[in-house]
Amino acid sequence: MSNHLEAKMGDIADTVLLPGDPLRAKYIAETFLENPVCYNTVRNAFGYTGTYKGKRISVQGTGMGIPSISIYTNELISEYGVKTLFRVGTSGGMSPDVHVRDVVLAQAASTDSSIIHNTFGGGIYYAAISDFGLLDTAYHVAQDLKISVRVGNVLAEDRFYNDEMDRQKLVDYGVIATEMESTALFMLAAKYHVRALSVLTISNHLMTGESTTPEEREKSFNDMIRVALDTAAKA
């Protein structure tokens with residue numbers, strides 16, 4: 001048991017999917033995993049362990065934002081020995097090359113958060129990147145599943161409502177989507193020498209105004225989930 005998880009040692013698999021929405025964790029477990037068992041209900045951050053294609057996999061809700069995912073990632077790795085982590089969640093499209101419902105594989109995560117400064121001090125602008133092996137596997141899994149994916153740099157923002165952001169400049173420099181967690185996930189994976197990747201779905205487009213419904217964001221986006229799970233099964 002850790003500060004925020006009531007699981008016992010052995011309850012959580014070595015490989016974990018991390019949706020921000022706890023209800024998406026429940027949906028993934030009940031829809032895709034065989035014999036899912038709930039190991040956590042603390043703060044309604046539901047966590048489940050089951051099997052997928054013969055591999056033991058857990059799904060843990062993290063909540064939104066860098067502080068929240070940092071708590072769960074730290075505890076999963078340091079207290080429960082998790083070795084491979086996949087963020088699965090929504091993102092906002094920014095590039096004209098991505099569209100609503102597209103799947104994005106985050107190669108790297110830029111940020112406007114102070115987490116890098118607080119970790120490394122002034123003068124160091126750390127590049128938070130995903131694990132190349134997971135990224136490569138996920139890309140080829142998507143090809144095998146005939147699921148179109150976009151690979152690129154995403155922005156992990158501290159604020160969901162951020163009208164001051166110069167998004168066009170970010171697009172000009174190759175940022176394809178925005179979300180709120182991946183920088184922390186990639187940094188912690190690097191710190192603890194484990195593997196991490198973010199597999200995202202474009203739920204809305206910040207430039208065009210396209211959007212999906214709240215129900216879709218909770219209970220669909222199955223292409224993203226299948227890519228993450230099939231990659232996890234091979235990891």
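Placed from the backbone N, Cα and C atoms, the Cβ positions cover glycine too.
Per Swiss-Prot, the feature purine D-ribonucleoside binding site maps to H4, E179, M180, E181, S203, N204; the stated evidence is similarity to another entry. A C-beta separation below 8 Å, combined with a sequence spacing of at least six in one chain, links E181 (purine D-ribonucleoside binding site) to G20, T62, M64, G65, I66, S68, I69, R87, G89, A156, S198.
What Swiss-Prot records for G20, R24, R43, R87, V88, G89, T90 is phosphate binding site. Here the Cβ of R87 (phosphate binding site) has 28 other Cβ atoms within 10 Å, regardless of which shown protein chain they belong to.
Look at Swiss-Prot and you will find R217 tagged as site 'Important for catalytic activity'.
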Neighbouring binding-site residues, C-alpha within 10 angstroms of H4 (purine D-ribonucleoside binding site) - of R43, V88, T90: R43
Collapsed DSSP category at R43 (phosphate binding site): helix
Candidate with sparsest Cβ neighbourhood (10 Å radius) among G20, G89, the listed binding-site residues: G20
Cβ-Cβ neighbours of T90 (phosphate binding site) (radius 10 Å): 23
